[in-house]
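Enquirer: Got a structure for you, questions after.
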Amino acid sequence: MDKVTNETKWMSITQFEPAYARTAFPCFDEPNFRAKFKIWLGHQESLVALSNMPLAKQEKMYLGSNETDNYVWSIFEETVPIPTYLVAYSVNNFTYKLSGNYGVKFYTWSRPDIINECEFAAQIAPELYKFFESLLAVPLPFTKMNQLSVPNFGALAMENWGLITYRESSLLFSSNISSEMSRQRLAALVAHELAHQWFGNAVTLKWWSDIWMNEGFATYMSILGVHHLNSNWNYLQVESMNNILDVFEYDAQINSHALTQGVKSTAQITGRFDSLSYKKGAMLLRMLHMIVGDDAFLSGIRQYLSKFLYTADNYGSLWNSFSIMAHTYQRRNDIKVVLHSWTSQAGYPLVKVIRNYSNGNAYVTQQRFFLNSSQAKNATKRCWWIPITLASASRLEFYKLRPSYWLECKKDKENINITLNDMAEKGDWIIFNVQMLGLYRVTYDAENWALLNRTLNSDKYTQIHVLNRAQLIDDSLSLAWAGYINYRITLDILNYLQYEKDYLPWRTALRGFIKLDNILKGYEKTYKLFTNFLKYLILPTYNTLHGLNSTQDEKEISYIDLMHKTQISYWACHLEIDDCVNAAKQYFANWKISNINKIPINLRLTVYSTAIKYGNQSDWEFLWQYLQESNIIVSEQRTIIQALSCSRNKTTLSNFLDLMFNNTKYIHRQDSAAAFESIARNKIGFPIAKDYFFEHFDQLREYYGTISKDVINLILSLARQVASMEHNIGILEFLAKKRDIFQHSWRTILSAVEITRLNIGWVHRYRATVHNNLRRRNFKRAKNATLRK
């Protein structure tokens with residue numbers, strides 16, 4: 001829709017992955033078949049035609065012997081051998097930005113009225129491409145690369161050979177309106193798709209069962225690429241932590257799955273493109289990279305890409321390449337055996353460390369971690385090859401990344417437990433898995449937890465590496481949730497956050513608090529104790545960051561400090577800290593009065609959400625009206641939609657749900673699922689969202705198109721909020737009735753059911769324990785309180 005003329009315009013675009021090329025032309029539509037393609041597109045002369053390769057020539061179109069009016073053939077150069085799913089073409093009336101001042105020219109295409117918002121994507125793409133070309137030392141034969149911004153594109157992006165397609169809302173960036181987090185997300189997306197030109201395009205998988213290799217490599221390479229673009233973002237640590245925590249949450253469920261999965265029908269392929277394929281795959285590659293080092297890791301990849309260029313492979317050869325290089329550099333050379341234990345089975349390990357304080361030894365064992373520890377009793381036997389790295393109070397070896405020891409497996413998956421001698425002095429803490437190198441959790445005996453707690457709650461807490469402080473927070477929260485340790489240990493660990501200055505530990509803690517916040521908000525007395533505890537922890541940091549007030553220009557603040565201020569402010573307002581709520585309401589009121597939005601860009605979600613939560617209907621209407629203005633860019637639209645979901649008026653929320661799924665002009669299809677989740681998270685909104693989903697299910701199916709991922713995401717949004725059997729019965733009955741409809745997504749449905757049962761089980765087992773532990777704590781801060789030496 002052209003917003004200036006209010007006229008509907010048309011374009012064509014392809015999305016052939018995983019198996020849709022067969023609907024466009026006859027072909028062997030499987031990834032192990034590669035062919036050269038020479039594409040002709042017939043179209044009106046006034047339009048633009050794009051495909052995988054540069055345009056070779058354009059000819060007038062003839063019908064018989066007669067030249068047709070205004071129609072031409074656009075004839076493109078022949079491709080190198082590529083699989084059918086990477087073929088792409090488009091006819092449109094777009095314009096472009098040209099970038100790149102060396103071998104490869106980048107053309108970034110979009111609707112003419114938003115072309116300036118493609119500037120950042122156009123700017124970074126050549127730099128990222130050059131970085132990957134240098135890093136991987138395998139040049140590709142591109143002279144031209146197209147990036148195409150597609151309105152309402154179903155996929156987030158697609159790495160087609162030479163013609164990368166993006167959902168429009170994901171490619172746009174405006175420095176005056178978009179947040180710094182949007183800038184970083186865009187950089188990561190462009191890096192991911194460009195990395196695919198090597199991983200997945202230049203060398204392709206033989207079959208979809210190992211799609212995690214394509215997506216895992218592209219995800220990990222994108223992390224390296226973004227870090228190259230701007231090391232001040234600290235993306236190596238921040239994004240690795242985000243990915244690890246996502247894996248830890250999903251992969252601890254009974255209904256998780258191995259990375260390598262059989263695919264026997266086309267209907268199964270799409271389900272393989274899930275969070276684990278991207279994130280667990282990436283973090284296993286990170287683990288491998290840290291274990292073998294830069295030299296062996298990059299040499300292995302370069303050798304592999306050179307050998308298998310423009311062919312299909314199952315990546316077994318890549319593991320052999322890594323093994324050879326690791327042996328060359330005198331590192332562990334059974335890489336294939338190690339990685340197979342991580343890719344062939346579901347879940348991840350919990351390493352248990354029990355110390356003998358009289359002789360300094362430590363007994364180390366492993367078992368699969370579950371979100372409910374009682375599930376381990378009946379679990380299938382599992383064993384992983386686990387790299388053991390460690391540091392102690394006397395040996396702060398947090399940068400010694402080569403494994404000192406390994407937990408190994410027998411051929412029948414039997415664990416081989418180990419005893420490590422002379423680990424630490426009696427009064428010294430010990431930490432396993434430095435910098436979270438390995439994809440596993442760690443638990444200790446009660447005395448070592450106490451030693452760690454004592455150090456964290458002292459002025460020596462920075463002796464522990466920032467990633468390991470984050471690890472201790474997340475491990476202790478998850479271990480207590482699952483029943484492996486007592487909540488008293490966890491609350492003692494969390495107590496140190498009142499002194500923590502760094503973004504990462506706080507990022508980890510706040511993520512962990514979301515689950516408790518969702519469940520406890522239905523239990524008023526416990527929730528009051530819980531939020532008082534969080535206020536006690538967060539206030540010192542909130543004050544240090546000068547609260548919600550922003551007297552300093554955001555451009556003068558480092559990215560990490562800006563993100564830290566953003567997350568702390570959001571939670572301070574969520575916890576109803578007076579200074580935060582009042583400041584947000586004042587920002588919003590000033591905007592309404594002056595009609596000039598002076599709210600700092602990165603604080604807008606916090607301000608909008610708080611103003612709507614504590615405001616009246618006129619505030620809601622003001623923001624809804626603002627959403628409809630023609631000059632609002634997509635990232636700002638998403639912020640507004642999320643804020644509008646925070647209303648505490650039942651009628652307003654019900655009406656908003658109707659608008660959400662019936663007004664595609666202002667709420668795009670790809671944003672509606674996130675808006676629905678925001679309403680479901682709202683205590684008042686949850687029953688409204690649940691009832692709406694049941695009553696309008698057929699309409700939602702039609703809106704999204706059969707059973708898409710978006711419909712499943714709506715179910716997961718509801719499941720995460722369930723904290724009582726009363727809420728759960730309706731959901732279970734509904735899913736049982738619709739079982740036939742969900743047959744191709746049944747694993748995800750089972751995951752949703754498991755989430756509800758875990759939540760309800762936790763309430764029965766641990767809510768009283770948390771309540772009593774919090775009730776006994778003193779949240780009054782002594783004047784001039786300082787850290788214990």
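Glycine is no exception: its Cβ is also placed from the backbone N, Cα and C atoms.
Note that TrEMBL annotation is computational and uncurated.
Look at TrEMBL and you will find 5-86 tagged as domain 'Aminopeptidase N-like N-terminal'. What TrEMBL lists as Zn(2+) binding site is H192, H196, E215. Sequence annotations record features per position, and here TrEMBL assigns active site, proton acceptor to E193. Look at TrEMBL and you will find Y278 tagged as site 'Transition state stabilizer'. The domain 'ERAP1-like C-terminal' annotation in TrEMBL covers 429-757.
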Enquirer: Give me the Cα-Cα distance between Y278 (site 'Transition state stabilizer') and E215 (Zn(2+) binding site), rounded to a whole Å.
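Expert: Checking the Cα atoms of Y278 (site 'Transition state stabilizer') and E215 (Zn(2+) binding site) gives a distance of 5 Å.
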Enquirer: DSSP says what for the domain 'Aminopeptidase N-like N-terminal' (5-86): how many helix, strand, coil residues?
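Expert: Residue counts in helix, strand and coil order: 6 helix, 36 strand, 40 coil.
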Enquirer: For E215 (Zn(2+) binding site), what residues in its own chain, 6 or more apart in sequence, show a Cβ-Cβ distance under 8 Å?
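Expert: Non-local contacts for E215 (Zn(2+) binding site): F273, S277, Y278, G281, A282.
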Enquirer: Can you check which residues sit near H192 (Zn(2+) binding site), meaning Cβ under 8 Å from its Cβ, same chain, 6 or more apart in sequence, and list them in order?
Expert: A157, E159, A218, T219, M221, S222
Enquirer: Among all protein chains shown, how many Cβ atoms are found within 10 Å of the Cβ of H196 (Zn(2+) binding site), not counting that one?
Expert: 25
Enquirer: Name the residues of the same chain, 6+ apart in sequence, whose Cβ is under 8 Å from the Cβ of E193 (active site, proton acceptor)?
Expert: A157, M158, E159, I164, Y166, A218
Enquirer: Looking only at Cβ atoms, how many others are within 10 Å of the one on Y278 (site 'Transition state stabilizer')?
Expert: 23
Enquirer: Average the pLDDT scores across the domain 'Aminopeptidase N-like N-terminal' (5-86) and report the rounded value.
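Expert: Within the domain 'Aminopeptidase N-like N-terminal' (5-86), the model's average pLDDT equals 93.
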